[in-house]
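Engineer: The structure that follows is given in the form of structure tokens.
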């Protein structure tokens, strides 16, 4: 996908001759024979293709947000449907872009494919239509400045097309020539925005007798050699365009603007024959349809708005007639429709970008724009690739045509041929002059191509020498690079060793830290234990002291008790001895008495 293009391309000389007349469409297309390279038309081409219509939605303005105006449009990007919340009516288009869509997105999805078709040799048109203040000029032009060599994110279709075009042409490395023109249609008057001098004759529109469009007499084309040249030309045209402030838009375009890119590409065949391929892209920024009461237009602004609306109304009628397949289409009722004739129902690939607001206050304009765009979808064009022909054949064709016109003119002077009206004669002269100018242009282009070849040859020789020097420098740089690689390898090895040592130190430090934490915890617990032990020992010693005191007392009491026991024991022994002796006496008495008793009992027993 093509993206933001860098501006730092080699500057090429932008000074170039400008032509006296410029056909908006290829005036020679229908006269060239198919042997010059026209591809066969398909069945689809014969039936025609519908105009592509896309819709871009603009979000609410700060004023609309401050006034709490509701949104009535339901549109999501990358879809094909758009719905009005008030009526639930749904419109279907080729693409719908919501308010969050970027300029890059619009270009990639809509314009980039059309540019490729233009480079294939088609005539293409893209034009923006919608209410004033909905973003038509922003979409087509956007920000035309650059930021440090880059187009800005707000750059519109035209600057992006220029950079993309030259990017593609430079990549193809083909010989080419790019011309641009810019027309303003203001109050039904045409103006060349690239050469707006007041002393210049008015531009006039002539119908191409070949039926391939119109010719604008007096319009100049500028030859550009780079995208920067094209952007500068567009900046000039934008400054010369008429704008004014209204209640709807601080910078409202008060005119229609047609910007045209024409590309001639030389192709060389295998047999060395050179073919010329022509493509054309019209980028049209229409003035906005306007509600005079709401926009606050007065006096001259009101007259401008009336003429703008009138030309847009004619454009709407042309669309209706084309959709209804009417025999007569009122192209000639407005210069705008005459300029867009081949883009509407002709041989051009056309895309319409309809821009709408989303706030409820713009309900009528939203409905009008969507209805207009919906009808335009049904228009069928029959695009044709412009014939490819050799330069020799092209010049021969023009010379033959000039000779034929000279013969007709001579016959008219001698009154021995076909007579024609003054208007036809003037048109014939204009066409003849146009063809001469085209022959001169092509001759100049051939010379330009030759000069370019010579310049390129010199550049090749210079760059060959430069290349040899660069190759020597490259070898030296390669040698230094090898040395640097070896040095870097050593540094890397040292780095790995240092890294490994550092990792070991870090691991050891972590281990020491963990061991230190454990040791500190153990020391803390040991201190607490020792403190508790000291307290316990102190208590134990106190207890021992108390026990010692008790033991001393017990020892004294024991000694006294022992003495007392000894005394009492001696006394008891003595008493026991006395008692024993006493007992012995008593025992003898008892034994005597017992014996006496036993004898008595024996005697008694003997008696019985």
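Glycine is treated like the rest: Cβ placed from N, Cα and C.
As annotated by TrEMBL, ATP binding site applies to 130, 131, 132, 133, 134, 135, 136, 137. Annotation source TrEMBL lists coiled coil at 395-508. Marked as compositional bias 'Polar residues' by TrEMBL: 16-34. Summarising the annotation, TrEMBL assigns domain 'Kinesin motor' to 50-379.
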Engineer: Three-state secondary structure of residue 133 (ATP binding site) from DSSP?
Structural biologist: coil
Engineer: Taking every residue in the domain 'Kinesin motor' (50-379), what is their average pLDDT?
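Structural biologist: Mean pLDDT across the domain 'Kinesin motor' (50-379) comes out at 85.
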Engineer: Tell me the Cβ neighbour count for residue 130 (ATP binding site), meaning other Cβ atoms within 10 Å of its Cβ, over all protein chains shown.
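Structural biologist: Residue 130 (ATP binding site) is surrounded by 28 other Cβ atoms within 10 Å.
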Engineer: Near residue 134 (ATP binding site), which residues of its own chain have a C-beta under 8 A away, given they sit six or more steps off in sequence?
Structural biologist: 58, 288, 355, 356, 357, 369
Engineer: Same chain only, sequence gap of 6 or more: which residues have a CB within under 8 Å of the CB of residue 135 (ATP binding site)?
Structural biologist: 56, 58, 355
Engineer: Count the Cβ atoms, other than its own, that fall within 10 Å of the Cβ of residue 131 (ATP binding site), considering every protein chain shown.
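Structural biologist: Within a 10 Å radius of the Cβ of residue 131 (ATP binding site) lie 26 other Cβ atoms.
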